[in-house]
Amino acid sequence: MPVSTPGVQNYSKDKKVGEGTYAVVYVGKQIHSNRRIAIKEIKTGLFKDGLDMSAIREVKYLQELRHINVIELIDVFMSQDNNLNLVLEFLPCDLEVLIKDQSVVFKSADIKLWLLMTLRGLHHCHRNFILHRDLKPNNLLLAPDGQLKIADFGLARAFGNANEDFTPKVVTRWYRAPELLFGSKHYTGAVDMWAVGIIFAELMLRTPYLPGKDDLDQLDVTFKALGTPTEQIWPNVSSLPMYNALRVYPPPSRQELRNRFSAATEKALDLMISMTQLDPARRCDLNLALMHEYFTESPLATEPEDLPTIGKDTGEDKRRKVG
């Protein structure tokens, strides 16, 4: 993991824009170019060995993943207090902000492009054997030119070893696949595909699709919407650690889904259904999703520069407003 030492002199931290338990995020500038950047400073002193493995992985994966739909890692340096600093491209908005702002009008073609860019970025991750494991609208950042970038690889892991155990305690609850809710330690890129399917649903509804209050309620909310899994539709599901006596809900009819997603075309509904299959083995894979007829039916996806966006900390505002 190459780390530059003169980084402290190369960048300014102008404004704190976020803080969590383990990291602080600043907006700043690259001194020599005057380019706006974001700096994620990881508080290494909180970890007994000086640095959390997830931070090391995040740097490693971002150094490997160079793609227009993945956030760019510009530099890494140690600050004088021995905290690890990740210098990232500055992205002024995220998808969650747009979804929540009811003054912003989405066209179906806008949703199509956001979904397409998410799938392209995720395809690049999986092609490089990296699971993201925390896809959600506020980890999908939007550049001023309209490009969507997958960000926050703090929970990401390499995959490819069939015998390797993973923790099921990943992915923000509302976007957590049913195999994770059931405590599976052996899972695939299908967990990321589920999350994208739920984000797709949220973009169409403009409200969270499966907002569980806690882990137990998440199971109930998920199965009330999509049906309770049985051995017939998901072989060996009953052998998963957290599978026990569940309230049985029938799967929704096509008409019920049409009623809930009233603006969706039949092909949009087909794609969403295939991405949110309860059985991960039946869930649509990335190649099939990217080739789905939804992306070639009219209207075609909006051009990136024509997407609505809201510029946080920039004053730039390209909302497509009601009326």
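Just so it is clear, glycine is given a Cβ too, placed from its N, Cα and C backbone atoms.
Predicted automatically and left uncurated, TrEMBL annotations should be read as such.
Counting only same-chain residues six or more apart in sequence, the Cβ atoms lying under 8 angstroms from the Cβ of Asp134 (active site, proton acceptor) belong to Asp152, Gly154, Leu155, Ala156, Val170, Val171, Thr172. The annotation active site, proton acceptor is assigned in TrEMBL to Asp134.
In the shown protein chains, 12 other C-beta atoms lie within 10 A of the C-beta of Glu19 (ATP binding site). According to DSSP, Glu19 (ATP binding site) is assigned to a strand segment. Here TrEMBL flags Val17, Gly18, Glu19, Gly20, Thr21, Tyr22, Ala23, Val24, Val25, Lys40 as ATP binding site.
Residues annotated as compositional bias 'Basic and acidic residues' in TrEMBL: 313-323.
The domain 'Protein kinase' feature in TrEMBL is assigned to 11-295.
The region 'Disordered' feature in TrEMBL is assigned to 302-323.
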For Val25 (ATP binding site), nearby residues of its own chain (Cβ under 8 Å, 6 or more apart in sequence):
Lys16, Val17, Gly18, Glu19, Ala38, Ile39, Lys40, Glu41
I'd like to know which of the binding-site residues Val17, Ala23 has the most other Cβ atoms within 10 Å of its Cβ.
Ala23
Mean pLDDT for the domain 'Protein kinase' (11-295), rounded to an integer?
92
